[in-house]
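J.: Pasting a structure below so you can have a look.
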Amino acid sequence: MQQKVFQSDVNCASQTTDDNLKTLAFLTIYITGFGITAGAHRLWSHRAYKAKWPLRLLLVVLFTVTGQRHVYVWALDHRVHHKYSETEADPHNAKRGFFFSHVGWLVLTPHPKVVEKRKAVDMSDLEADPIVMWQKKLYPLLFAIFNLFLPIAIPVYYWDETLWNSFWINFNMRFTITLNMAFFVNSLAHMWGQKPYDRNISPVENLAVSLAALGEGWHNYHHVFPWDYKTGELGNVYNPSTTFINFFAKLGWAYDLKSVSKGMIARRAEKTGDGSHPQIWGYGDSDIEKEDQEELEAMAEEKELFKKED
Ligand SMILES: [Zn+2]
Ligand SMILES: [Zn+2]
């Protein structure tokens with residue numbers, strides 16, 4: 001009888017330990033995802049808003065936990081992707097198939113046009129950001145600490161998890177899930193879904209990808225208006241990354257949020273039928289249409305006016 005009680009206590013303890021590990025892995029996947037979506041993507045690739053140094057530091061740490069290379073190279077490839085979308089110069093050209101755009105591009109030799117266009121992208125804004133350059137310089141060490149050592153060590157240290165469980169669940173499983181969530185934006189969100197904003201381009205609106213990737217599946221809209229910090233017309237429809245940025249904007253850590261007016265969306269929709277579609281990488285790109293740029297500047301001025309009136 002006593003032995004039975006002891007046995008059930010052991011089972012109970014290992015169940016709790018296992019649950020702790022799964023909860024930690026899930027929370028880490030969810031929270032660090034903001035480093036990709038709100039950080040490397042919306043802030044650093046597209047300049048869709050500005051962030052004060054504490055938020056940039058937080059985002060760079062979260063991004064490092066995801067292990068998706070450093071911000072500088074991620075943003076460089078992403079700018080090339082938007083600028084030369086679905087041509088030979090697109091690093092993860094979806095026309096080369098699901099596997100290539102999902103993960104193959106990271107392990108295969110890049111097309112010479114990708115190498116050529118990578119050199120042509122203006123990255124001076126990131127080069128002027130000491131936090132981005134610090135992460136770039138120390139990336140192998142930071143990867144080892146934040147992606148490998150801490151996720152494995154924390155469960156072992158805090159609740160005596162076995163090294164084996166911690167390694168498989170909070171490193172291998174967590175890392176694999178996070179990578180694939182982000183990869184779906186380059187594969188699925190360029191293949192299956194609706195195209196309400198521009199039917200001449202491949203990116204689509206895909207709810208499943210938005211659910212998996214913290215609101216990054218509204219990809220047809222995003223390729224048409226890459227400077228919009230919401231990466232979707234309806235910013236609050238399953239878009240936790242927008243909520244994340246809005247929260248930090250309330251704290252004053254995120255500011256100068258770029259968006260798109262209803263008029264701009266309507267104008268774009270009218271033009272879509274003719275097949276002309278300038279590829280742009282984000283705010284400040286010289287190919288932004290003149291009237292769109294003027295309206296953006298007017299929107300910024302209006303905000304300034306409100307600030308002064310306050
Ligand atoms: Zn894309
Ligand atoms: Zn983008």
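Just so you know, glycine gets a Cβ as well, placed from its N, Cα and C.
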J.: Which one of 57-75, 171-189 shows up in TrEMBL as transmembrane segment?
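T.: Going through 57-75, 171-189 one by one, TrEMBL flags 171-189 as transmembrane segment.
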J.: Under 8 Å between C-beta atoms and at least six residues away from its ends: which parts of the chain pack against the transmembrane segment (171-189)?
T.: 25, 28-29, 32-33, 36, 66-68, 81, 92, 94, 98, 101-103, 105, 147-148, 151-152, 203-204, 206, 208-209, 212-213, 216-217, 219
J.: Given a Cβ distance threshold of under 8 angstroms, which distant residues of the chain, six or more beyond its ends, lie next to the transmembrane segment (24-44)?
T.: 50-51, 56, 59-66, 68, 71, 74-75, 78, 126, 129, 132, 151, 154-155, 169-170, 173-174, 177-178, 181-182, 213-216, 229, 231, 240-241, 244-245
